Each structure stands twice: as C-alpha cells, then as structure tokens.
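Engineer: Input: one structure, supplied below.
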C-alpha cells in the first residue's frame with residue numbers, strides 16, 4: 001500500500017499524494033518546469049539548489065536514471081513533485097528508478113498530486129515556500145513554519161568547486177568560473193578542443209590572468225545574483241583583457257558588473273521549450289532555461305551593454321553584448337541538457353572571438 005504524503009504551501013493550501021524518494025523531509029521555494037523530457041538532467045542541475053521542482057509533464061521517470069546523464073555529481077534540490085512517477089522504467093541504459101535515485105540523495109518527493117493546479121497557483125501568485133509532511137495533523141504547524149522560514153542564501157558557495165581542476169583539451173585554454181556549472185558546458189568546450197580549467201566562484205581577476213587563458217566563462221548557478229557580488233570586481237578586472245562569455249547567473253553578474261540591476265521574477269523561466277529572438281538576425285531559437293531572476297532592461301540604458309536577445313513570452317532580456325569589448329552573455333542555456341541544441345552555435349562564436357582576439361594580440365606584439 002502506498003504511503004500518504006502531503007505537499008504544503010505557505011498560503012495554507014495542501015495537496016495529498018504518495019510518498020516518493022527520501023523520508024528526510026525539507027522545505028524550499030516551489031517552482032515549476034515545463035520540459036517534457038530530461039528530468040535527470042533537471043534534477044541534477046545545481047541551479048535548482050534549495051528548490052522544490054514541480055514537473056508539469058504528467059509522467060516522470062519512464063526511462064529511468066543512469067550514471068551518465070547527471071549534470072553534477074550530487075543533486076542539491078529540496079524536493080520533487082510529479083503527477084505520476086514511473087515504477088517500471090523502460091530503457092536499456094536505465095540503472096535506477098526515480099524513487100531510488102531521490103532516496104539515494106536524500107531528496108523528498110510526492111506523486112499523485114494535481115500538478116496542473118500547483119502550476120497555476122505558482123503562475124498566478126508567484127513562487128511560494130513549500131514543504132512536505134507525512135502526518136496530516138502537522139499541516140497547520142508546517143504552514144506557520146513556512147511563513148517565517150528563511151531560505152538558504154549561500155547556494156553558490158555550496159555548489160561551487162572548492163579547488164581548481166582541469167578537463168583536458170588540445171587547443172584554446174578557457175577558465176570556467178564555477179557558480180554551479182552544468183557539466184555539459186565543459187563537454188561543449190572540450191568538444192571544440194578547449195582545455196578547461198574549472199575554478200571556484202570567488203577566484204580573483206589576478207589569479208585568472210596569471211593562468212594566461214584565451215577566454216573566460218562564467219557558468220550558471222543558483223540564487224540571487226546580488227548575493228554574489230564577490231564576482232563583480234573580478235569581471236571588471238578581466239573585461240577587455242580576455243574574451244568573456246557568461247551563461248545564466250554568469251549573464252546576470254556580467255550585467256551587474258556594468259551597472260545594471262536585476263529583479264526577482266514572479267515565477268521565472270524553467271523548461272526546455274522557451275522561444276528566444278535574436279534581435280540582430282530575427283532568428284528564433286527554442287531554448288532551455290532555468291532562472292528566477294532577470295536583468296532590468298531600463299537599467300541598461302547608461303551602460304556599455306546592448307540587448308541582443310529577448311524572450312518572446314514576456315519580452316525580458318535574454319542576451320547581452322558589450323559595445324566595444326569582446327564580451328557577451330545569454331540568460332538561457334546554450335549547452336542544453338535538457339533541451340534543444342538550437343543555441344550551441346554560441347560556443348562556436350566564443351571560439352571565434354578567442355581566436356580573433358589572440359590573432360589581434362599577436363599582430364600588436366609582432
């Protein structure tokens with residue numbers, strides 16, 4: 001017999017379902033993700049640290065979990081909410097079920113709930129604090145706890161690498177600042193021959209420049225960009241000296257370093273099906289996204305940054321480029337995992353930018 005579990009929201013509403021994953025119950029910010037596939041990559045994305053994910057697709061876990069498709073070594077999210085969790089995956093690569101994987105990483109979950117109703121609530125009211133309980137009598141006590149709960153504010157420090165390491169390539173050298181990177185960023189760079197040195201999020205500009213890289217990337221990551229201000233001086237210290245590419249949180253920090261401001265979105269962009277328009281070409285890409293903060297477009301007016309991409313659903317800023325220096329960024333995930341590969345050409349643009357910059361430096365020093 002399936003054991004009952006309750007998902008409780010800070011507004012006092014609750015949803016009755018069935019136990020999934022761990023019994024180590026936790027609280028977090030509840031969000032929704034609209035991707036139809038790629039649940040393993042989503043669960044292991046460090047950008048979800050401290051959050052509870054509601055999957056809008058009704059069946060999750062149908063092809064199981066395998067060892068190769070993780071985007072980080074250890075998932076850090078605080079919960080998973082699904083309509084139906086498959087107990088008998090069908091895929092030749094699968095090694096564990098969704099339930100087994102969540103239990104292994106001490107992540108609680110719930111199945112058998114109305115995920116459409118939960119998604120509408122988040123969409124209409126904005127993100128909420130949420131938690132789980134296995135005892136219906138504890139619901140009101142949990143509601144009161146949620147109303148005053150302080151959610152973690154040091155997520156980047158939690159997920160960033162503690163020591164530098166290298167993913168070997170044979171051509172250009174890239175330093176990747178790890179704010180909670182997805183592994184596919186490293187894979188995409190390695191596929192293009194780059195030697196990638198992954199360094200902690202608080203590495204200084206001086207330390208980066210001493211490595212003599214051909215380019216610098218700022219990765220995705222969790223949380224509020226205003227709480228990672230340690231990176232702003234570093235960004236200002238390398239701009240113009242090395243080609244620069246920022247993704248997601250890295251994009252936001254790039255903008256903040258140049259005087260722009262960010263804001264918390266009502267319910268964010270999370271999924272593998274978000275349309276983005278390139279303002280330079282008019283081309284539309286379907287993109288993978290995962291962010292709850294965005295850059296205020298009006299705050300860019302007095303900066304040296306120009307908007308290159310916008311979200312078609314709400315018009316928010318999705319891409320920036322420095323008007324004079326070799327530096328650009330996107331709010332979405334060109335590395336995908338999960339999602340379409342429409343935008344992985346941006347890695348090629350970064351490669352071209354590094355080669356052009358290197359050639360220009362060679363000519364100057366000749």
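Keep in mind that glycine also has a Cβ here, set from the backbone N, Cα and C atoms.
Pasting the feature list from Swiss-Prot:
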ACT_SITE  248  active site, nucleophile
ACT_SITE  333  active site
ACT_SITE  335  active site
BINDING   47, 221, 223, 249, 252, 290, 292, 293  L-glutamine binding site
DOMAIN    173-360  domain 'Glutamine amidotransferase type-1'
REGION    1-171  region 'CPSase'
Engineer: What is the average pLDDT across the domain 'Glutamine amidotransferase type-1' (173-360)?
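Structural biologist: 97, rounded to a whole number.
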Engineer: What's the CA-CA gap between residue 223 (L-glutamine binding site) and residue 333 (active site) in angstrom, rounded?
Structural biologist: 16
Engineer: My understanding is the cutoff is Cβ-Cβ under 8 Å with a sequence separation of 6 or more in the same chain; which residues meet that for residue 293 (L-glutamine binding site)?
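Structural biologist: Residue 293 (L-glutamine binding site) has long-range Cβ partners 224, 225, 252, 262, 263, 264, 265, 268.
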Engineer: List the residues of the same chain that sit at least 6 positions away from residue 335 (active site) in sequence and have their Cβ under 8 Å from its Cβ, in sequence order, or write 'none'.
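Structural biologist: Non-local contacts for residue 335 (active site): 182, 184, 185, 187, 188, 247, 344, 347.
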Engineer: What whole-number Å value do you get for the CA-CA distance of residue 292 (L-glutamine binding site) and residue 333 (active site)?
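Structural biologist: Checking the Cα atoms of residue 292 (L-glutamine binding site) and residue 333 (active site) gives a distance of 14 Å.
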Engineer: For the recorded L-glutamine site formed by 47, 221, 223, 249, 252, 290, 292, 293, name the remaining residues of the chain with Cβ within 8 Å of the site's Cβ center, in chain order.
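Structural biologist: Residues close to the L-glutamine site, other than 47, 221, 223, 249, 252, 290, 292, 293: 180, 220, 222, 224, 225, 248, 291.
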Engineer: If you draw a 10 Å sphere around the Cβ of residue 223 (L-glutamine binding site), how many other Cβ atoms fall inside it, taking every protein chain shown into account?
Structural biologist: 25
Engineer: Consider each pair of residues in 47, 221, 223, 249, 252, 290, 292, 293, all listed by the record as binding L-glutamine, and report the largest Cα separation in Å as a whole number.
Structural biologist: 13
